[in-house]
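Record features (Swiss-Prot):
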type	residues	note
BINDING	LYS11, SER12, ARG16, SER155, GLN157, ASP302, LYS329	3-phosphoshikimate binding site
BINDING	LYS11, GLY82, ARG110, GLN157, ARG333, ARG385	phosphoenolpyruvate binding site
ACT_SITE	ASP302	active site, proton acceptor
Amino acid sequence: MIELDINASDKSLSHRAVIFSLLAQKPCFVRNFLMGEDCLSSLEIAQNLGAKVENTAKNSFKITPPTTIKEPNKILNCNNSGTSMRLYSGLLSAQKGLFVLSGDNSLNARPMKRIIEPLKAFGAKILGREDNHFAPLAIVGGPLKACDYESPIASAQVKSAFILSALQAQGISAYKESELSRNHTEIMLKSLGANIQNQDGVLKISPLEKPLESFDFTIANDPSSAFFLALACAITPKSRLLLKNVLLNPTRIEAFEVLKKMGAHIEYVIQSKDLEVIGDIYIEHAPLKAISIDQNIASLIDEIPALSIAMLFAKGKSMVRNAKDLRAKESDRIKAVVSNFKALGIECEEFEDGFYIEGLGDASQLKQHFSKIKPPIIKSFNDHRIAMSFAVLTLALPLEIDNLECANISFPTFQLWLNLFKKRSLNGN
């Protein structure tokens, strides 16, 4: 059996630890921070807003928040990070000053009206390009009044932006979403003294009566990153894998549950429940069967490209529906998945809200199919999750990815761990 502690810290928790520290009064400590490009954007923005960041150990920081958030003399660059842009928009909407948030071409083409509308409901002064649809965003922070908002989409980023504004508004605010999204923001903020109550699926958020408590967080491994190694095990005959120290929040392991329904043997071993549930995940290869996915999409939206690879190894038609938000990620992930599969000669079809794939079965059947075609260069579309998903497919097929380096956005050591898995699985370890 292969045992891996992938040291790929959770991206969601790393972002939030940095951003929430700005609402504290005393120094905060973040250990095992994800040194990926997205999270480093959040860290740099915190510094531009007046936070003092000191290295305390490898991938660990002491963050001393400013007495008051500083108005920056330059644009706050979120690079490719939608989490940075959306959560900072919520935080800064109530802070005195002018703040401009921008990103790379990919981020500036992603939908931002979904956060502008709820923030405007507080009375926030926020503008975006093309009638508030896109970044750059300009925010003139000021006093906010509590509001009630029902989000048409289930999005942890939208919810988090709302909560960060609500904590600084006058009065109790309410937020409802169509489906439960990641709940790290609620868990972390409540542990730091925020009054956030869930009443029959409606979040009631009271304004902060005092700064958030200082904290010392150690970030566990990211289940979204760990899933790529779980996928590698699921498609590699006779392989067994133990992934150590992984965040097991129920809103983050839905993709593992789908893989289990497809036939993979998966078990969880809980190690702690202090703040978030953390533990180990055991995966054992087994023949996969086709599946249709149309529920709990918000809890597995990031893993759907990787699940499409599992679907390729399952005989028969697999389908994904109700996942239109895949088109609003770093790339149009529906189009990216389908176009790459078509280039590989796989029967598939694109829908507005998903796709279907005609799976070929196990690795031997895939190799027989691909022996008849010239392998194309897989297009990553500069999207880390597309690149890593198809990189896992290279365990079974000799394929080239056009830009695997974009994995550095969320999983800088991805290639190292994938190569290690390949080496150990070949050796039978």
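The first residue you see is number 1, and the count goes up from there.
Placed from the backbone N, Cα and C atoms, the Cβ positions cover glycine too.
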Specify the nearest of the binding-site residues GLY82, ARG110, ARG333 to GLN157 (3-phosphoshikimate binding site), where nearness means the distance between Cα atoms. GLY82
Given the binding-site residues ARG16, ARG110, LYS329, ARG333, ARG385, the candidate whose Cβ has the fewest other Cβ atoms within 10 Å is ARG110
Where the distance is taken from Cα to Cα, which of the binding-site residues GLY82, ARG110, ARG333, ARG385 turns out closest to SER155 (3-phosphoshikimate binding site)? GLY82
Where the record says LYS11, GLY82, ARG110, GLN157, ARG333, ARG385 bind phosphoenolpyruvate, what is the longest distance in Å from one Cα to another among those residues? 19
Taking only the Cα atoms, work out how far ASP302 (3-phosphoshikimate binding site) lies from ARG385 (phosphoenolpyruvate binding site), in Å, as a whole number. 7
Within 10 Å of the Cβ of SER155 (3-phosphoshikimate binding site), how many other Cβ atoms can be counted across all chains shown? 25
Those binding-site residues, out of LYS11, SER12, ARG16, LYS329, that come within 10 angstroms of GLY82 (phosphoenolpyruvate binding site) at the Cα: LYS329
Compare the Cα of LYS11 (3-phosphoshikimate binding site) against each of the binding-site residues ARG110, ARG333, ARG385 and report the nearest. ARG385
Just to confirm: which same-chain residues, 6+ apart in sequence, have a Cβ under 8 Å from the Cβ of SER12 (3-phosphoshikimate binding site)? THR83, ALA156, ARG182, HIS184, ASP222, ARG252
Excluding its own, the Cβ atoms lying within 10 Å of the Cβ of GLN157 (3-phosphoshikimate binding site) add up to 23
Between ARG385 (phosphoenolpyruvate binding site) and LYS329 (3-phosphoshikimate binding site): CA-CA distance (Å): 10
